[in-house]
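K.L.:
Once you've had a glance at the structure underneath, I'll fire off some questions.
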Amino acid sequence: MTNLRKSHPLMKIINHAFIDLPTPSNISVWWNFGSLLGICLIMQIITGLFLAMHYSSDTYTAFSSVAHICRDVNYGWLIRYIHANGASMFFICLFLHIGRGMYYGSYTFLETWNIGILLVFSIMATAFLGYVLPWGQMSFWGATVITNLLSAIPYIGPTLVEWIWGGFSVDKATLSRFFAFHFILPFIITALVMGHLLFLHETGSNNPTGLNSNADKIPFHPYYTIKDILGFIIMMLILISLTLFSPDLLGDPDNYTPANPLNTPPHIKPEWYFLFAYAILRSIPNKLGGVIALVLSILILILLPLLHTSPMRSLTFRPLSQCLFWILVADLITLTWIGGQPVETPFILIGQVASILYFSILLIFLPLAGMLENKTMKF
């Protein structure tokens, strides 16, 4: 009798994806973040579901309902803070996952990479919508400022903004639809994740050398399941420590003040994981130009396979490109810091220089470095 996991139609899919999957024997800890992202997604859906049971998407009661969850619901405070800080863990894993894909040349798997970019946009949209729901000062003004950017789109902009708002300002209709979208998007993300995995398993995983590893593969279970469990334990330790000891470390104190349309906070800023894109948006004086730069800061990832000029896939054996990659990482950290600073003299200039450097490295310097490395290899 054949093994059930190899014969049953449903078990067969799970078996091919997580048990008997042929995996390169040399993939490092950087390949852990895909599974960690899956765990983060499941965790966010479960905690979000429990929060949705008690949340009220009405402008008069939204803030109070969040306070009620924290005060009166059994372990409501824990569920709420795991959900809020879980989003931060999600983005940390996401940025590391994208960084690994860029460093080791995983963008040459075109379908997997492009679905990944769709996932980034969907996750960012979900996080933005979720930030609006507690209906604090930063929620309200963040929603107003970010949705207002769409008015920069020529001809249809102002109508589009009013259509999204469901009126002439951010109000009850806006909050209701944002809640509905925030609830449905994680399930769309789950569907995209399945597509992402499907295309990945068509080609097989990349590895640190960037070479074909068909001659040297091992089953996913038990080797990489054990490795993933270790990553999961470390991530959960960090998340639980953050949630229990310093739950508001990554939040904004302004969001503990109920939304007031008549009082603008001195410094409107999004959550930390959007600050790099926000800094790029602010560094361009023109509204439409800023919006285009904001979208391009993520959309530029689509061009990476076209800008790949080296015969070597990975950066493992390319020291010049490695230097540029780490300058890019430092540049993104600088942009994140600038996004959280007020719009004042030194910060404006630093933001503009960092924004120009970000696009220059990806569009000009990395392809040139690849060409130069080709030349040096021929000597």
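Keep in mind that glycine also has a Cβ here, set from the backbone N, Cα and C atoms.
Taken from Swiss-Prot, the feature heme b b562 binding site applies to HIS83, HIS182. Residues or ranges marked as heme b b566 binding site by Swiss-Prot on the basis of similarity to another entry: HIS97, HIS196. Positions annotated as ubiquinone binding site by Swiss-Prot, on the basis of similarity to another entry: HIS201. What Swiss-Prot lists as transmembrane segment is 33-53, 77-98, 113-133, 178-198, 226-246, 288-308, 320-340, 347-367.
So where do these features actually land, and what's packed around them?
P.N.:
DSSP assigns HIS182 (heme b b562 binding site) to a helical segment in the three-state reduction. When Cβ atoms from all protein chains are considered, those within 10 Å of HIS182 (heme b b562 binding site) total 22, not counting its own.
Annotation note: HIS196 (heme b b566 binding site) sits in a helical segment as assigned by DSSP. Non-local contacts of HIS196 (heme b b566 binding site) by the CB criterion (under 8 A, 6+ apart in sequence, same chain) comprise THR112, ILE115, GLY116, LEU119.
In the three-state DSSP scheme, HIS201 (ubiquinone binding site) falls into the helix class. For HIS201 (ubiquinone binding site), the same-chain residues lying six or more positions away in sequence with a CB closer than 8 A to its CB are HIS16, ALA17, LEU21.
Here the transmembrane segment (77-98) has long-range neighbours at 30, 33-34, 36-37, 40-41, 43-44, 47-48, 50-51, 66, 69-71, 116, 120, 123, 127, 130, 235, 238-239, 242-243, 247, 250-251, 271-273, 301, meaning same-chain residues at least 6 beyond its ends whose C-beta is under 8 angstroms from one of its own.
Residues 29, 32-33, 35-36, 39-40, 78, 81-82, 85-86, 88-89, 93 of the same chain lie 6 or more positions beyond the ends of the transmembrane segment (226-246) yet place their CB under 8 Å from a CB of it.
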K.L.:
Cβ-Cβ under 8 Å from HIS83 (heme b b562 binding site), same chain, 6 or more residues apart: which ones?
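P.N.:
Correct list: GLN44, THR47, GLY48, LEU51.
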K.L.:
Measuring Cα to Cα, tell me the gap between HIS97 (heme b b566 binding site) and HIS182 (heme b b562 binding site) in whole angstrom.
P.N.:
23
K.L.:
Counting only residues 6+ away from its ends, which parts of the chain sit with a Cβ under 8 Å from the transmembrane segment (113-133)?
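P.N.:
Cβ under 8 Å, 6 or more out: 55, 57, 62, 66, 87, 90-91, 94, 98, 101, 106-107, 139-140, 142-143, 146, 174-175, 178-179, 181-182, 185-186, 188-189, 192-193, 195-196, 199, 270-271, 273-274, 298-299, 301-302, 304-305.
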K.L.:
For the transmembrane segment (288-308), could you work out the same-chain residues 6 or more beyond its ends whose Cβ comes under 8 Å from its Cβ atoms?
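P.N.:
Sequence-distant neighbours of the transmembrane segment (288-308): 98, 102, 105, 107-108, 110, 113-114, 117, 120-121, 124, 149-150, 152-154, 276-278, 280-282, 355, 358-359, 362-363, 366-367, 370.
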